[in-house]
Amino acid sequence: MSSPRLLVLFGSQTGTAEDVAERLGREARRRRLGCRVLSLDAYPVVNLINEPLVIIVCATAGQGDPPDNMKNFWRFIFRKNLPPTSLCQVDFAVLGLGDSSYVKFNFVAKKLHRRLLQLGGCALVPACLGDDQHELGPDAAIDPWLRELWVQVQERLPSPAGLSAIPPGVPLPSKFTLHFLPGAPKTEEQQAPPAGPQEPPSQLRPFLAPMVSNQRVTGTSHFQDVRLIEFDITSSGVSFAAGDVVLIQPENSASHVQQFCQLLGLDPDQNFMLQPREPDATCPARLPQPCSVRHLVGRYLDVAGVPRRSLFELLASLSPDELEREKLLEFSSAGGQEALHAYCTRPRRTVLEVLCDFPHTAAAVPPDYLLDLIPPIRPRAFSIASSLVALPGRLQVLVAVVQYRTRLKEPRRGLCSCWLASLDPGQGPVQVPLWVQPGNLTFPETADTPVVMVGPGTGVAPFRAAIQERVARGQTGNVLFFGCRQRDQDFYWEAEWQELERRGCLTLVTAFSREQQQKVYVQHRLREHGPLVWELIDQQGACFYLAGNAKSMPAEVTEALTSVFQEQGGLSGPDAASYLTRLQRTLRFQAETWA
């Protein structure tokens, strides 16, 4: 293979952009092209000027934010002092992944494409804007875009003379080899080494936090199980402020581990050493060496996740069964995306369920391909719902347990939330791997700056931390708009809010959507209390915060706030929009939303 010439960089929040980047890397290998695939923040961005051909795959997170693993790249590439000819030697392409139901659809890809052009780069093709809302998902835009992209790439980087492309039905070499160790299998638990005394916990060295309590806080007749979970973080090195998030690394259930191992003919207690095939590649840092199959399947491979197209592509190349291979090839082809969506994406079928549906193929998967086939389990982020000032040595989270039905027989279950809900510290010691990182919300430190917080449902969690912190420090002007379905079913921390109201530390405005014929939400209450909101923001310099589900609530709350500016401040539509933009630019309007 020729020396690396093509560079594929990705910024990924949930793994989709990384999967697309790996797909580009595989296609380059099939065309006999050297190719590196790296996350944007793992690549030394100062070297970009020396790259002849770069493809960047990037998702848009939250409300138009770059993913966590491209934030350093993002800050660098938008430096104002970069010369306009910085990338004049670079040919590039940008592939974006977004959701058109959000206002800032593919904002990161669009802005990055424009910036690379400003710096002198030459675009091979227009930016691709993949859309989760399309009935076939992002691939509806990606497939035709890739056909044009490869035409442009091969004009600049032709395949080596005398070497033909590797056809799709032939498997590429696996990234790693698993060397099984002789001797009696070992069954002890394998954990990452704990963080040292001077370093805070991280994904590679999480803190195994003892769970103190796991309490359901919704009524027994409420449709959703929501838990208030408390951890003991004494002597952990974990430190946080209001607005920060905790990341929790979940694991697969024992029954899923057993079922997976039976399907693939693996001994869960067998140990192995992992070795990369490429000399410059490294093994996943989260996997111990040696590692047991039980640890790999239970704590690393996301067998409960919904598979992406790449799984079907690889299974098709490995399948010894003609009927199964034919169906897998259909699902992995561009023409089979509607069938794949109906089979897999729409009903949320899992990797494990797919393998059960293709048993002859599953039984023939070589262990070396496990890490190519199945992505790693990703940590889940939760807003921290407590303050160290009020609760020293403790960390609390509010977790909505995800469970719903599709046309499949078994209900769909969120891996992390259901795993957490299943843990019972009353039955014996329970430890959960976690670490903390900054969130998108920062609260004013000045004593006289009021805050207006809008947190419907579990979106109230970060505001409980902020209110605890502010009250403990004597900060006044705390206004909370909280919404839920019914007062007696999902009114989180009702007694706590009422006590703070009684003490004059909090102004609470509630919206119980199902307690009257006409549904009432937080955006309606915001309009009703327009004079108070305008007085706090315009006259007293208050900061405005929003947290909760990202689907429609943020846009509706923002619209309500803009109408308050018009009605109470006498601003025109354009002036109200400009006023909101100034608040956002000066961090007096902040949002933390999730899908």
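Residue numbering: from 1, along the chain as shown.
Glycine is treated like the rest: Cβ placed from N, Cα and C.
Lifted from TrEMBL, the feature list:
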type	residues	note
DOMAIN	6-150	domain 'Flavodoxin-like'
BINDING	12-17, 59-62, 97-106, Asp132	FMN binding site
REGION	185-205	region 'Disordered'
DOMAIN	204-445	domain 'FAD-binding FR-type'
BINDING	Arg348, Arg380, Ala381, Phe382, Ser383, Gly414, Leu415, Cys416, Ser417, Trp594	FAD binding site
BINDING	Thr458, Ser513, Arg514, Lys519, Val520, Tyr521, Val522, Gln523	NADP(+) binding site
Model confidence over the domain 'FAD-binding FR-type' (204-445) (mean pLDDT, whole number): 95
For the domain 'Flavodoxin-like' (6-150), jot down how many residues DSSP puts in helix, in strand and in coil. 58 helix, 34 strand, 53 coil
Cα-to-Cα gap, Tyr521 (NADP(+) binding site) vs Gly15 (FMN binding site), nearest whole Å: 33
When you tally the Cβ atoms that lie within 10 Å of each candidate's Cβ, which of the binding-site residues (Ala59, Ala381, Val522) has the highest tally? Ala59
Please report the number of other Cβ atoms within 10 Å of the Cβ of Ser417 (FAD binding site). 21
Spatially, and counting Cα to Cα, which of the binding-site residues is closest to Arg348 (FAD binding site)? Options: Ser12, Gly15, Tyr102, Arg514, Gln523. Gly15
Other C-beta atoms that fall within 10 angstroms of the C-beta of Ser383 (FAD binding site): 27
Find the shortest Cα-Cα separation between Ser417 (FAD binding site) and the binding-site residues Ser12, Asp99, Tyr102, Val520, and name the residue that gives it. Ser12
Test of understanding: give the count of other CB atoms lying within 10 angstroms of the CB of Lys519 (NADP(+) binding site). 12
Spatially, which candidate from the binding-site residues Leu415, Ser513, Arg514, Gln523 is nearest to Ala59 (FMN binding site), comparing Cα atoms? Leu415
How many Å lie between the Cα of Ser12 (FMN binding site) and the Cα of Ala381 (FAD binding site)? 15
Measuring Cα to Cα, tell me the gap between Val522 (NADP(+) binding site) and Ser383 (FAD binding site) in whole angstrom. 20
Under 8 Å between C-beta atoms and at least six apart in sequence, can you list the same-chain neighbours of Phe105 (FMN binding site), or say none if there are none? Thr60, Gly98, Asp99, Leu129, Asp131
